[in-house]
Number of protein chains: 2
Amino acid sequence: MTKSALQIARAAYAPKMPESLKGSVKIVEGRKTESIADQADIAKLFPNTYGMPLLTFEAGGAAKSFPAVNVGVILSGGQAPGGHNVISGLFDGLKRLNPNSKLYGFLGGPGGLVDNKYMELTSDIIDEYRNTGGFDIIGSGRTKLEETAQFDQGLENCKKLDIKAIVIIGGDDSNTNACVLAEYYAQKNAGVQVIGCPKTIDGDLKNEMIETSFGFDTACKVYSELIGNIQRDCNSSKKYWHFIKLMGRSASHIALECALQTQPCVTIISEEVEKKGMTLDGLVAEVAATIIARAKEGKFFGTVLIPEGVVEFIPAIKKLIAELNDLLAHHEAEVNALANNDEKRALVAKLLSADSAATFASLPVAFANQLMLDRDPHGNVQVSLIETEKLLIDMVKAYIKKNEPALGAKFQGQPHFFGYEGRCAAPSNFDADYCYSLGYTASVLIGEGKTGYMASVRNLTAPTAQWIAGGVPVTMMMNMEKRHGHMKPVIQKALVDLNGAPFKKLVECRNEWATQPSFVYPGPIQYFGPTEVCDQPTKTLALEQKK
Amino acid sequence: MTKSALQIARAAYAPKMPESLKGSVKIVEGRKTESIADQADIAKLFPNTYGMPLLTFEAGGAAKSFPAVNVGVILSGGQAPGGHNVISGLFDGLKRLNPNSKLYGFLGGPGGLVDNKYMELTSDIIDEYRNTGGFDIIGSGRTKLEETAQFDQGLENCKKLDIKAIVIIGGDDSNTNACVLAEYYAQKNAGVQVIGCPKTIDGDLKNEMIETSFGFDTACKVYSELIGNIQRDCNSSKKYWHFIKLMGRSASHIALECALQTQPCVTIISEEVEKKGMTLDGLVAEVAATIIARAKEGKFFGTVLIPEGVVEFIPAIKKLIAELNDLLAHHEAEVNALANNDEKRALVAKLLSADSAATFASLPVAFANQLMLDRDPHGNVQVSLIETEKLLIDMVKAYIKKNEPALGAKFQGQPHFFGYEGRCAAPSNFDADYCYSLGYTASVLIGEGKTGYMASVRNLTAPTAQWIAGGVPVTMMMNMEKRHGHMKPVIQKALVDLNGAPFKKLVECRNEWATQPSFVYPGPIQYFGPTEVCDQPTKTLALEQKK
């Protein structure tokens with residue numbers, strides 16, 4: 001396999017670690033934990049893994065000997081930069097505890113555990129993947145571990161390999177399932193521990209003890225590089241408005257972080273759109289207002305950041321989509337029997353509630369057709385297929401033509417969507433260090449016999465040596481939520497906090513960014529330069545932890 | 001203005017220069033030149049600037065004194081990384097010859113010269129832009145300097161500022177016009193020299209004396225970073241085919257260079273498509289063949305690189321577009337009077353030649369509609385608006401469903417288009433050095449009283465100190481071509497040479513890249529690391545200059 005010069009040079013990078021992980025670790029038990037809500041329900045569902053104490057690691061533990069142990073690792077869900085470093089940290093940590101320990105990787109995500117598809121991860125293999133992006137070392141997958149039949153099958157497969165612990169690297173859903181699995185194995189006294197690691201570029205697995213999920217830092221830096229480059233371009237040619245959609249279906253953390261890094265003219269934050277109860281037309285009017293204001297000063301260019309999932313946060317559209325999902329499930333044949341989209345829309349409009357019919361009628365035809373037709377195998381609208389960036393360009397153009405005819409012809413939009421460009425980038429120094437530390441922390445939790453814990457590394461805006469490693473009971477992050485009609489224990493998703501420092505910073509600055517020359521050009525991630533260039537955490541973290 | 005940490009750190013970079021530019025320059029006259037074709041015609045059109053000798057700079061010239069001189073600089077056409085360094089090299093070079101020299105920037109492209117919009121570029125301003133991307137220091141524009149009225153107006157404006165020389169930084173067209181301007185001012189004995197600099201990310205301003213145009217290196221490295229990241233992603237999730245369109249309307253140099261850097265499964269080279277006389281269906285079948293072959297080995301993922309202008313290189317479509325442009329110019333009202341696209345297509349088909357009508361009928365309806373409707377102010381099809389990446393995904397999907405029904409459902413395409421993401425990136429070390437050297441070279445040509453020359457810096461795969469700076473008469477690169485019905489002298493555009501080493505390398509490797517794990521992940525441009533990471537020229541240059 002041909003390697004790029006950077007990949008070769010980067011392989012030699014030794015991730016920095018918290019001081020506490022460098023020698024024998026002293027485990028300090030903190031307070032007993034409670035779930036963030038619905039304590040009684042969660043305690044009942046997790047009799048073995050509820051209420052466990054927080055664990056903090058300190059340097060200077062007594063030297064101990066650890067038995068050799070076989071461990072399995074799983075990459076779950078969408079890729080995030082740094083997954084390979086979690087695995088290499090885990091590998092190195094296990095080998096330090098006992099060089100005879102073995103690490104197995106289950107292939108293609110959680111399905112690999114159920115189907116017993118695996119490979120042993122030896123040092124030769126690990127060394128090929130240190131500090132690289134991607135999840136290709138063992139692949140990932142979206143199979144959900146939810147059924148006891150899967151758990152039993154997984155246990156059987158663990159027994160074949162003498163695996164005593166599983167590390168699941170995933171987002172909120174995967175870590176919820178990891179905890180359910182931990183509880184199940186504990187109840188059965190199966191002798192298999194389960195440890196989680198917080199992954200997702202979306203940044204929505206975040207709470208008091210998990211300051212950020214890994215990959216968010218790198219992905220946002222890649223997107224910000226591109227946004228900055230586009231801003232330089234539009235500031236040079238002065239003729240386009242670039243509408244840039246950013247991956248992240250639920251939360252707008254990515255859009256917010258990229259805005260803080262690049263200072264665009266307009267940033268849409270889904271959580272704010274929902275809070276304000278905005279309509280699509282209202283959102284369009286708001287974006288257009290900035291464009292018109294700039295045009296009146298002779299500036300026919302700018303940038304708009306759009307979170308991928310924004311249309312689902314517009315209350316009227318959220319309601320419409322829910323009704324459509326329901327309605328089409330019952331009337332699919334009737335609708336499909338009609339000859340063309342005009343007739344289909346007319347029938348659908350008749351079947352909707354009055355409110356939703358009005359919303360439906362207000363939408364551009366192409367968008368209305370898309371909501372009616374493109375459905376996933378479960379009958380849901382595939383929101384990720386909606387080209388929100390183009391929808392907004394078209395609607396803004398129409399709005400300006402109608403309200404400011406003299407300016408209409410001068411508005412030219414360019415759509416972009418960034419997602420796959422950043423999910424598998426090679427990790428920044430921050431993510432390389434953070435991920436390696438998370439993996440190493442998982443090895444310590446395994447050595448200590450823990451289960452139902454998530455690896456936690458905190459104090460992330462301090463120098464790496466001062467980062468605080470430890471373990472957090474997963475149940476601590478849970479509450480009960482309705483899923484597919486049933487109440488389930490789940491890790492609460494962290495949306496953008498409209499009272500938090502990062503959003504407040506945006507609010508404080510956005511008028512200036514909209515009207516004054518404010519673009520920032522972050523440039524590409526650097527691995528070898530001065531520390532202020534190479535080792536900065538996200539603006540989100542810096543603002544959240546500002547003393 | 002807020003600056004990113006990288007921008008601040010990067011401002012301190014001192015571009016490397018050829019040895020010959022570091023002290024007093026010795027000017028060595030080489031052979032008298034001839035145009036590459038149509039010598040008699042070109043000689044007649046350029047009596048004052050034809051047949052001038054090549055100039056090579058050597059170190060160790062006698063110290064001379066130069067009078068102070070006022071110089072104007074123009075950025076012309078699309079942005080390319082490094083434009084600011086050309087200007088800073090020019091500025092530093094002029095100041096070294098005489099600290100009382102002044103540099104004026106004409107604003108917003110060649111139009112600034114005609115309209116007398118300008119600013120003086122002082123060291124404070126220059127220092128703000130060293131090693132940054134973009135053309136925003138003075139802006140760019142696409143006004144073409146072609147009319148004598150413009151030349152006369154420009155001359156008048158130069159006289160007001162006592163400007164004795166103009167440097168035009170642009171692509172093949174802009175340099176052609178620069179030479180026409182040089183000739184005009186020489187004929188009039190106007191006392192204004194004109195010097196060109198070779199800019200374009202497309203890489204198609206290239207010949208014996210111009211090894212590469214500036215910006216190509218950086219832009220290709222940005223696109224290759226993104227392609228590599230996407231390849232990591234598709235190698236991890238193993239479920240998508242990414243169809244990646246790359247900017248560059250005419251030549252496929254960008255697609256070829258990115259292919260050499262990233263080793264994708266399929267690379268389309270427009271020049272090969274034309275040479276082979278391929279049809280759109282034939283191209284689709286060829287792309288689908290690789291996808292089917294991989295699918296049969298269980299690999300439902302991969303990457304396809306698509307040059308932006310490929311549809312215009314398909315001979316049948318090129319012919320169809322030419323006929324459509326002509327036909328719609330004469331029958332626009334008739335066509336527009338019809339009620340719907342079906343009727344319009346039927347009428348258009350009747351008016352086309354039999355061959356083109358057959359081609360037209362073979363196209364997907366949406367694409368046919370687009371060819372019929374989206375026209376620029378000159379009545380031409382706006383090929384850049386055609387979403388070739390989506391067109392190919394749809395056609396490949398249809399092809400696979402028809403020919404390999406069992407595999408059809410498993411093919412999922414993801415479209416991308418990269419252009420604006422790279423045109424204004426901060427220049428790589430290579431482009432920072434190359435551009436600075438070009439600007440410095442231009443200052444020497446001005447000092448020596450030259451006009452009608454392009455700054456040339458060669459031997460670019462050697463260490464910077466050994467680069468060879470000098471001047472090339474622009475007429476040397478010219479031939480006569482038909483433009484808007486008239487024969488004109490123009491710089492010959494350099495398309496991909498199907499007998500050249502870079503394309504041969506692609507041909508040699510592409511079967512392996514199509515079927516074997518071959519992806520390369522170049523990662524982001526690095527500015528501070530080891531030289532093998534930070535200072536490499538493009539693969540294209542390396543292959544072309546391989547001894």
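Just so you know, glycine gets a Cβ as well, placed from its N, Cα and C.
What you see is a predicted model, and the numbers here were worked out from it, not measured in a lab.
DSSP assigns B:Asp202 (active site, proton acceptor) to coil, not to a helix or a strand. Here B:Asp202 (active site, proton acceptor) comes close to B:Gly171, B:Ser213, B:Phe216, B:Met247, B:Gly248, B:Arg249, B:Ser250, B:Ala251, B:His253, B:Ile254: these same-chain residues lie at least six apart in sequence, with C-beta atoms under 8 angstroms from its C-beta. Annotation comment: TrEMBL describes B:Asp202 as active site, proton acceptor.
Counting every protein chain shown, 23 other Cβ atoms lie within 10 Å of the Cβ of B:Gly78 (diphosphate binding site). The feature diphosphate binding site is assigned by TrEMBL to B:Gly78.
Residues or ranges marked as Mg(2+) binding site in TrEMBL: B:Asp172. DSSP assigns B:Asp172 (Mg(2+) binding site) to a helix in the three-state reduction.
The feature substrate binding site is assigned by TrEMBL to B:Thr200, B:Ile201, B:Asp202, B:Lys239, B:Tyr240, B:Met247, B:Gly248, B:Arg249, B:Glu308, B:Tyr420, B:Glu421, B:Gly422, B:Arg423. Long-range Cβ proximity for B:Glu421 (substrate binding site), meaning a same-chain Cβ under 8 A and a gap of 6 or more residues, is found for B:Val222, B:Tyr223, B:Leu226.
Residues annotated as domain 'Phosphofructokinase' in TrEMBL: B:70-323.
Under a cutoff of 8 A between CB atoms, and with a sequence separation of 6+ in the same chain, the neighbours of B:Asp173 (site 'Important for catalytic activity and substrate specificity') are B:Gly77, B:Lys144, B:Val490, B:Ile491. Here TrEMBL flags B:Asp173 as site 'Important for catalytic activity and substrate specificity'.
Sequence annotations record features per position, and here TrEMBL assigns site 'Important for catalytic activity' to B:Lys199. For B:Lys199 (site 'Important for catalytic activity'), the count of additional Cβ atoms within 10 Å of its Cβ stands at 32 [all protein chains shown].
Taking Cα separation as the measure, B:Tyr240 (substrate binding site) is nearest to B:Gly78 of the recorded positions B:Gly78, B:Asp172, B:Lys199. Only B:Gly78, from the recorded positions B:Gly78, B:Asp172, B:Lys199, place their Cα within 10 Å of the Cα belonging to B:Arg423 (substrate binding site).
Other Cβ atoms within 10 Å of the Cβ of B:Arg423 (substrate binding site) number 27 in total over all chains. Proximity of B:Glu308 (substrate binding site) to non-local residues of its own chain (separation of 6 or more, Cβ distance below 8 Å) is seen for B:Lys245, B:Leu246, B:Met247, B:Gly248, B:Arg249, B:Ser384, B:Thr388, B:Phe417, B:Gly419, given in sequence order. In terms of Cα distance, the recorded positions that sit within 10 Å of B:Gly78 (diphosphate binding site) are B:Lys199, B:Thr200, chosen from B:Asp172, B:Lys199, B:Thr200. Between the CA atoms of B:Lys199 (site 'Important for catalytic activity') and B:Asp172 (Mg(2+) binding site) there is a gap of 8 Å, rounded to the nearest whole number. In sequence order, B:Glu421, B:Arg423 are the recorded positions among B:Asp172, B:Lys199, B:Glu421, B:Arg423 whose C-beta falls under 8 Å from a C-beta of chain A. Within the same chain, residues at least six positions away from B:Asp172 (Mg(2+) binding site) with a Cβ under 8 Å of its Cβ are B:Thr200, B:Asp204, B:Leu205, B:Val490, B:Ile491, B:Gln492, B:Lys493.
Counting every protein chain shown, 18 other Cβ atoms lie within 10 Å of the Cβ of B:Tyr240 (substrate binding site). For B:Thr200 (substrate binding site), the Cβ neighbour count at a 10 Å cut-off comes to 29, with all displayed protein chains included.
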